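This report refers to the structure that appears directly beneath it.
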């Protein structure tokens with residue numbers, strides 16, 4: 001077996017499959033493009049779903065890739081095991097309706113065992129297969145695999161919801177008896193026992209059925225095109241080929257671990273307690289790549305995942321004695337390890353470091369809050385006479401504050417308390433079940449559509465015309481091809497068309513189709529790309545249409561021009577964002593409609609009003625500069641040399657279209673555009689908002705809509721000026737400010753009057769002191785306007801020695817508000833209010849010294865007051 005670096009393994013994989021006629025698919029962005037079912041790209045096949053479900057036909061049906069991926073269902077296991085990772089590389093080879101089982105197995109065996117390639121010893125390889133899949137068993141035997149090395153496994157059948165599915169065969173490397181201390185042997189594989197002896201290095205999925213959840217597996221229909229989908233983890237291959245005990249001792253992780261050793265002053269021990277080193281090395285890889293691909297830490301979705309990873313890594317840094325910000329210092333090491341195939345980390349190093357360091361600094365403040373929360377929980381345990389911290393509280397510390405359970409346990413034990421491990425595991429499992437359910441729900445590839453995939457007739461979109469005559473090539477009605485149609489809705493393909501198919505954020509053209517007499521025979525309501533790339537017109541049929549007949553196709557010119565104004569303005573906006581807030585503000589999505597444009601971009605904070613003003617001004621300057629718009633068709637490399645901005649994550653063909661707006665903007669784009677920037681007329685931003693962690697959205701209008709937006713603003717300003725009696729529009733702001741100042745003064749005066757009234761009323765309330773169980777208490781119903789007044793009562797009560805406990809009840813509107821305050825350690829206000837609140841059909845809680853509750857049954861207020869003594 002050859003001893004290769006991870007970069008050599010990756011390159012040898014790609015070279016082998018290229019020698020078998022495969023095209024190399026570049027690694028896609030970790031943030032899925034146009035796939036709301038995925039949080040992250042989580043496998044090599046994830047970016048190829050469009051090929052497997054038949055919605056797009058690839059140029060070459062044989063594909064290979066090395067795809068960076070993220071999976072976060074088992075974050076808590078990272079560092080504990082030899083092979084769990086958040087970010088990993090999946091090497092794959094794929095056949096879309098081309099070769100199948102025989103070639104997949106034979107070539108796979110050749111790559112692994114040939115001296116020209118990986119040169120694995122054959123006697124160290126074991127294969128599992130689906131028991132009913134005798135063909136795979138026989139093919140392995142034909143390759144020279146001993147029957148004793150073939151293990152039937154019932155679970156070797158791959159399916160996720162509806163869509164392509166089939167048996168799979170997995171390849172394992174046997175590391176020997178040293179990794180099997182109990183000498184269990186092949187039962188480890190046959191019974192799926194977690195072990196370090198048999199390492200799964202490759203899975204070959206034989207995708208031959210259309211899975212249908214409504215029928216038994218035995219009734220699945222055969223796919224019209226059978227596919228091959230494989231995945232081999234680079235980290236595992238590297239561990240095996242480099243003789244490493246775990247994935248972390250390979251050249252993919254050890255340089256990071258060495259840097260952590262320098263920062264911590266600690267030494268990594270492969271056989272000792274090294275979990276913190278592993279967690280940090282794994283998580284900084286995921287953070288560096290994900291942030292480089294446009295994801296940013298936040299409170300939801302993928303942003304929440306990144307925040308959780310960073311906080312877990314920071315806490316493990318503290319366990320190693322690293323108390324200052326340090327993760328950002330590891331970003332260059334990650335970039336250097338991966339530079340040969342993934343240059344983007346080093347290219348975006350400054351930005352990634354900035355985001356990581358900023359998030360570390362924010363978390364330092366959060367740690368203080370988490371420590372305070374833990375202190376409060378431990379104090380509550382002491383007051384209640386308990387000795388165990390509940391699982392739900394441990395999980396909150398873990399989930400909200402980023403405290404690893406080991407740290408919580410350590411701090412709790414130092415204070416003399418135990419922790420509820422089982423309760424924590426239960427809370428963790430509930431979260432994992434929710435996450436996995438969401439993945440299963442959204443993971444289906446969708447069924448193949450044989451009718452659409454079967455369209456092979458050529459069709460060409462013509463950019464520079466609004467009307468043309470063309471022959472009708474294909475009619476599809478009720479999902480079947482037909483020669484003619486006279487009513488209903490149908491899908492049409494023409495030899496050439498002026499209708500733009502929805503793509504790249506630009507909506508489809510609408511229009512009409514006319515016969516040779518000039519009569520309208522169909523209305524075009526949508527245009528989408530067919531699997532083989534032809535514009536597929538969805539039409540409402542008004543009169544007879546037949547294949548082979550020529551028709552005149554006319555788009556709605558006014559609508560097209562409105563869309564083009566917004567699309568061209570989008571390019572100007574993208575460039576302006578780069579200039580004003582930074583080059584990290586890359587496109588995360590766009591929509592160019594007739595009435596507006598919507599542009600999503602990566603950014604870590606809200607765009608300020610001043611920045612929006614600069615962006616809007618810069619775009620309008622380019623409109624007024626009368627810039628010529630040109631388009632050029634070339635290859636991707638030449639386009640990049642021209643300075644063209646490519647959308648990261650998009651896949652481009654051999655020939656790309658470059659849209660250049662003067663010397664201001666150059667982008668790869670297949671959409672339609674104006675001839676000159678001045679045709680946009682006017683640009684106005686109407687909204688800026690956050691739509692998810694690290695993603696902002698700008699909605700803007702152009703031309704007539706921009707004018708209307710400005711006029712509406714002016715009308716609103718005139719109305720405000722009239723309301724505040726401003727003599728001129730320019731005086732309206734000053735008048736509003738004067739009224740606001742006056743209102744604030746009146747509100748302050750009102751608060752002072754309320755406080756005086758409360759203080760006067762408190763004198764009477766505080767006179768009625770009772771005693772029970774050795775505790776002096778006051779229990780009274782008071783007449784106040786809001787719950788804040790109850791707190792004012794409590795503040796006044798605390799200043800003097802009226803009693804040990806105060807209980808106040810107020811009926812405010814239809815609600816009942818209850819306050820309990822305590823000055824004695826013998827009475828816990830939060831616990832006491834839990835006993836009182838249910839009397840008035842309410843609930844509440846709080847701290848030992850102050851608690852509040854809300855209820856709905858005012859008729860029971862007297863009963864609540866009577867129950868105070870027994871609840872002390």
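The backbone N, Cα and C atoms fix where each Cβ goes, glycine too.
Residues or ranges marked as Zn(2+) binding site in Swiss-Prot: 567, 571, 669, 673. Following the DSSP three-state reduction, the secondary structure of residue 673 (Zn(2+) binding site) is coil. Residue 673 (Zn(2+) binding site) has a Cβ environment of 23 other Cβ atoms inside 10 Å.
Other Cβ atoms within 10 Å of the Cβ of residue 567 (Zn(2+) binding site) number 26 in total over all chains. Excluding the listed site residues 567, 571, 669, 673, the same chain places 506, 564, 568, 570, 592, 659, 661, 667, 671, 672 with Cβ atoms within 8 Å of the centre of the Zn(2+) site Cβ atoms. All protein chains shown were included, and the count of other CB atoms within 10 Å of the CB of residue 571 (Zn(2+) binding site) stands at 27. Using a 10 Å radius centred on the Cβ of residue 669 (Zn(2+) binding site) and all shown protein chains, the other Cβ atoms total 26.
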